[in-house]
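Engineer: So that we are looking at the same thing, I have put the structure below in structure tokens.
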Amino acid sequence: MTRTASAPRSVGSARPLKAIYDVPAPAKLNLFLHITGRRADGYHLLQSAFMLIDWCDTLHFELRTDGQISRADLSDPGSPGCGAAEPLPAEDLAVRAARALQAACGTSLGVHIGLEKRIPSQAGMGGGSSDAASCLLALQRLWGVTLPATELRALALSLGADVPFFLSGGHAWVEGIGEKITPIALPAARFVVVKPSAGLSTPAIFSAPELKRDTETATIQGFAANAEGQVFGFGRNDLQPVAQALCPPIGQSLDWLSAQHLQGRMTGSGSAVFALLPHDVDLSDVPGTPGDWKIRKCSNLQAHPLAGW
């Protein structure tokens with residue numbers, strides 16, 4: 001069973017609002033990820049197709065008039081169909097996003113953030129970045145403030161390379177260090193996502209000498225020219241060979257997908273992997289994963305639940 005996005009609920013008729021509940025923060029999958037170069041400052045240049053899926057965290061925001069920013073873990077390990085809850089770090093990206101927006105807008109208002117964390121950490125699914133983006137969008141409404149779009153994108157990029165994507169409203173072709181975002185259309189599709197229990201460090205992957213950093217530049221036109229089902233098999237993930245060497249369970253999870261006659265690929269810097277679920281394969285045909293791996297049958301979203309905010 002997949003946790004789907006729900007419509008946010010606002011409380012309070014006067015500005016600013018008193019609270020906004022049930023704010024979704026969807027995960028992403030990288031359909032491919034190419035490293036095309038490296039800047040003088042050490043940042044890697046990439047090309048990727050980012051796709052939103054219906055595996056979501058949920059955030060709740062309650063206004064504080066004392067200017068303080070607080071946060072609570074509302075994850076319930078016993079929620080049916082949702083699996084084990086993800087623990088929150090001491091200071092997550094949602095809190096950092098709230099503080100950054102508060103400073104940028106000069107508001108004296110604060111917020112209490114409740115976070116139901118479901119997207120796995122160290123998965124390459126952008127959970128923390130998505131939380132930050134949803135926080136930026138919701139707090140502009142809660143506090144009655146608005147940053148110009150260019151300033152909001154710059155603030156988002158300062159929080160993390162994936163955060164601007166989650167502000168873009170839908171699937172996207174992403175280039176540079178994450179700041180060049182072009183909307184793309186993708187056909188509706190279902191996927192199996194597998195997250196082995198082990199995670200790994202993103203810096204360890206990018207610092208590996210054997211990482212391929214010179215993949216030929218692709219084009220959106222070349223990507224879109226593929227037949228409908230083939231866009232989900234375009235290119236490769238340049239991080240995957242290094243990640244598999246550092247984290248053997250990634251290879252094991254890919255082998256498991258292959259045993260189900262599914263072509264798997266790692267998303268982002270891992271350790272989650274995914275495969276397209278053909279239309280003629282019933283969900284009940286996909287068995288559970290070994291041990292404490294997490295598995296979800298997900299659908300891609302045609303738009304971010306907060307598109308237009």
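The backbone N, Cα and C atoms fix where each Cβ goes, and this holds for glycine too.
So Swiss-Prot lists the following for this protein:
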ACT_SITE  K28  active site
BINDING   P120, S121, Q122, A123, G124, M125, G126, G127, G128, S129, S130  ATP binding site
ACT_SITE  D162  active site
Engineer: Of the binding-site residues listed here (P120, Q122, G126, G128, S130), which is spatially closest to K28 (active site) when Cα positions are compared?
Structural biologist: G126
Engineer: So what sits near G128 (ATP binding site) in its own chain, CB-to-CB under 8 Å and at least six residues off in sequence?
Structural biologist: D92, L93, A94, S121, G160
Engineer: Through the lens of DSSP with three states only, how would you label P120 (ATP binding site)?
Structural biologist: coil
Engineer: Mind checking which of Q122, S130 has the fewest other CB atoms within 10 A of its CB? They're the binding-site residues.
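Structural biologist: Relative to the other binding-site residues in Q122, S130, Q122 has the fewest Cβ atoms within 10 Å.
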Engineer: Return the count of C-beta atoms lying within 10 angstroms of the C-beta of G126 (ATP binding site), excluding that atom itself.
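Structural biologist: A 10 Å sphere around the Cβ of G126 (ATP binding site) contains 27 other Cβ atoms.
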Engineer: Pop the Cα-Cα gap between D162 (active site) and S130 (ATP binding site) into the table, whole Å please.
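Structural biologist: Distance between the two Cα atoms comes out at 8 Å.
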Engineer: Rank the active-site residues K28, D162 by the number of other Cβ atoms within 10 Å of each Cβ, and give the residue at the low end.
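Structural biologist: Sparsest of the active-site residues K28, D162 by Cβ contacts within 10 Å: D162.
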Engineer: Determine the Cβ neighbour count for P120 (ATP binding site): the number of other Cβ atoms within 10 Å of its Cβ.
Structural biologist: 23
Engineer: Can you list the residues of the same chain, besides P120, S121, Q122, A123, G124, M125, G126, G127, G128, S129, S130, whose Cβ falls within 8 Å of the ATP site's Cβ centroid?
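Structural biologist: Going along the sequence, the neighbours come out as A27, I119, G268.
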